[in-house]
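Working notes for the structure below.
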Amino acid sequence: MAFECQKSAGIYTDSRVIGKNYCEKQTAGSSSFNLEAESEGIESDKSEIITSLTSKHLLSKNAPVGGRSITDLPPAIISEILNCLDPKELGIVSCVSTVLHSIASEHHVWKEFYSERWGLPVPAQSAPVVPNGLSDERSWKDLFVEREFRSKTFMGRYTMEVLHGHTEAVRTVFVLASAKLIFTSGYDSIVRIWELEEGLSIASSRSLGCTIRALAADTKLLVAGGTDGFIHCWKAVEGLSYLFDVKGPLNHNIEFRLWEHEGPITSLALDLTRIYSGSWDMTVRVWDRFSHRCLNILRHGDWVWGLVPHDTTVASTSGSDVYVWDTNSGELATVIHEAHVGYAYALARSHTGDFLFTGGEDGAIHMFDITNRHVDTSAQLVGSWIPHSGPVYSLAFEFPWLVSASSDGKLSLIDVRPLLRTKKRTLWKRDSRGQHVQSISVEPPQRMLHGFGSNLFGVDIGMDRIVCGGEEGVVRIWNFTQALEAERRARALRGIRLENRMRRRRLQIEMNTKSGGARSDQCSFAAKKTPMNGGDRVSVWHNKRGVSGKLKA
């Protein structure tokens, strides 16, 4: 959680200077910073910078002329130093002085922090768009802190909503959070659109004639893949609140189909220019969104169960193996053999593409770190979980939560942040032959959700909700907005208490400053008049003991 400075807590108005331990590293007698040495040691001295900035032994504003302040550096150098900090450390630095607060709060790195975790926010359709691409004028730090705060809600209370409409099992679920829509389909061959906040059924398509096993959508295109090998596509209709006119008759202006697969479609994904599809014909096909042509065919050795694209790569699961492909060249970048015992059914990926999450027939979930070193791409196992007693059919990831759905009728919630912190330390060690040996332990999930009888086939996460569909033919929504409101109230109360505490502290300091020497004279006079040791008090104690002894006699 990013460290957030309370505005009411009061920020030091004087620009504090760097402490003695930090100053001793500079050249004796030098009147300026050794900038080259500092820039070379930024990474190694990051913790020392934080300590020196927040030390209790910082020199005051009235320090000698020889004292040096970090705010004396050029803004470009300060910006480079702040680039080396993580969100929590950057928040701590912003509380040191007004100058650093201004620099750290408006630093461009907050945008990078946000986009690495959740991507750039998509402005609402009805909200006016300002030049920076956001729906309001909040800073990137405010957006980051708010989003990080919302991630806490999945450990709180929830309400469950059950959506009825499908007549058979629900095979796939997709949440389009930017439009507040849910798309579901399954064995009844009908694509249904639901309103995310109210859970109302908005629209349903005509029967597509086959089981729909995969859905994907953005604000421009909706795609559905069936067992007949066709990819059914709908273009967004301008001015339509639910974006896609799926319930109308066939209209070639807004609806089209793609067909080259020779088997059932099992997975679909979209990016800005391409459509990705995986099939039991053992191929992944890459399509152009605008010309509708197949650009590339990625051939596997077994049925393809899942795929997740990122930038110029796409990860896929085939049989028990996990593949990472270069979509431009069509070449295989790396492969993880025997990732699971049995089929690897489910696949998810972090927004940066650095981490892959796989779920398989053995009920296990694995986390892999994908590293690109110029030409070579490698995958290393970072963590494992075994929260289910049956196969894991679906995974969904929204930082920091990984959600899994299994045939045992349970959902597991996994917080990946502890593993990300552990990854900074050594996860690998060398054996006698110089090869890497894993030191991975099986982690427990943070939470389990129950509610279905058996066989959960699809799950997705968004807007403080988890949406799931399964064999019962209903769609369930776990709504955590109540926990969000409770956390906001608790946060407001903590802010009020902190403000009152700081107000009392300032008043106490002012009173002590005003009283000053008079109070010290009063204290010395009182000490002389009533000494703590010896004198009249001791004699009184002896008299009391004597009286008590006489009474006993």
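Any Cβ shown, glycine's included, is placed from N, Cα and C.
Nobody curates TrEMBL annotations by hand; they come from automatic prediction.
The feature domain 'F-box' is assigned by TrEMBL to 67-113. Feature annotation from TrEMBL assigns repeat 'WD' to 163-204, 258-288, 337-378.
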* Structure fact -> Spatial neighbours of the repeat 'WD' (258-288) not adjacent in sequence (6+ beyond its ends, CB under 8 Å) are 211, 213-218, 221, 223-231, 233, 294-309, 314, 316, 318, 325, 327, 347
* **Mean of the pLDDT scores, which run from 0 to 100, over the domain 'F-box' (67-113)** => 83
* To do: On the DSSP side of things, how many residues of the repeat 'WD' (163-204) fall into helix, strand and coil, could you say?
  => 3 helix, 22 strand, 17 coil
